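As given in TrEMBL:
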DOMAIN    A:176-303  domain 'ABC3 transporter permease C-terminal'
TRANSMEM  A:170-192  transmembrane segment
TRANSMEM  A:225-255  transmembrane segment
TRANSMEM  A:275-296  transmembrane segment
Ligand SMILES: Nc1ncnc2c1ncn2[C@@H]1O[C@H](COP(=O)(O)OP(=O)(O)O)[C@@H](O)[C@H]1O
Ligand SMILES: [Mg+2]
């Protein structure tokens, strides 16, 4: 364990102080970048979680559509479709929507006040699916088509595919953003650390003159700036974690989910544990990058001091 | 015969492209010897000490330390050589954010020794140089004489083979100067080689010791 001695808590005061102005800019830059990266990651996770939820909700529903056919009793066909559906495996419930319900669904497209009585309004049977036994919608569709002319089954597959496409695009963008922000953090830490180390030049000189090895000095410097960067990353992550509920609230507003009914249909944009874990990971990644960068910077700084 | 602790052979030094400050300096410090390095202000005393410390490299000529040629000393060797020397800087070079105690303990701490192994030793030395009460004070609140003694204690704490002191009595009253000189003589009696740079004639007159005199960039010896 002797190799890890520096990890033990040393109660003695730090050997090098960092230049206060340069340290403040290091702290600010790292905290802000961590905040942005953490928000990007957590936001992406929230989108992914919502998309998962929405797709699951859509997968639990399907709709039978009956287009009115000349010479057929649509109410009888609806009843027949509903009973076929109830008999099928994996269908928990089949509910016939009344003509009034069907007209209400068309209202957003056709406008209010139009007399739909003369129009052949398609009628719907809404199905609630169970997970176990798994529904065989293709089989149900074949039976419906065989027995009832003009019947069709919509399993919302197109919607689900579109949702997952949008979610994946957002995830990809967030991942790219994260990489850019992490690279920027690395550079910022390198610059700020160099600035801050320049302020400890005299102390470094004294340490070397009283017999410190380059390795010792490099470690002292790197740990000093790693500690600063880690504190800044923690602050940025804490700020991100605190603003997550706000982000969730804005997302909920933007998605238009108001009442409980919409909540059921569209899921809720909720802040899950995974988002907070991701923020922790981002902070750890920033601190790790800061550690590597400040170690490399310290080595270079010492090499340059040696070279005069 | 034992090899010299320090040997200069026709050493010349210039800062950057400036004039040569030291010309053709040749001398040797024998193990266990005690000497003064003197000369007027600006003669190059501090510069010569920095050459011994390897914080300056000669523009020409050879510097040997503990039998090693200076131009070949780098990395771990440089650290090893520096650990055999203790230095009192003219401007002390104490770290202002560390207490007197921490400053004096610095040479031991950079050797990665546990604090428990040196705490008593450091406190004892601090008491000896009259800083026992000031162990937890920061350098900015110390008087010139107190800083001087802290700087000397830091140079001694790791029991070096060679002590270099640059004007170590420049900031203290004559009584304390005599006390500090006795400290250096005592260390010398125990086997440490000592080189004290000073322009204080009254101080040098108290000891019958060899004097290396710098003037016009040349070294004159009075043995
Ligand atoms: N870092 C430096 N760069 C340029 N010139 C210097 C430097 N340090 C000292 N000098 C010059 O070298 C000469 C000797 O200085 P120094 O060694 O400090 O003398 P002393 O210690 O005997 O007073 C002086 O003329 C001084 O101006
Ligand atoms: Mg001087």
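Cβ coordinates come from backbone N, Cα and C, glycine included.
Unlike curated entries, TrEMBL annotations are predicted automatically.
Beyond the transmembrane segment (A:275-296), the same-chain residues lying 6 or more positions past its ends with a Cβ under 8 Å from any Cβ of the stretch are 30, 33-34, 37-38, 41-42, 45-46, 49, 178, 182, 185-186, 189-190, 193, 218, 221-222, 225-226, 229-230, 233-234, 236-237, 240-241, 244.
As a summary of secondary structure, the domain 'ABC3 transporter permease C-terminal' (A:176-303) carries 111 helix, 0 strand, 17 coil according to DSSP. Restricting the average to the domain 'ABC3 transporter permease C-terminal' (A:176-303) gives a pLDDT of 81.
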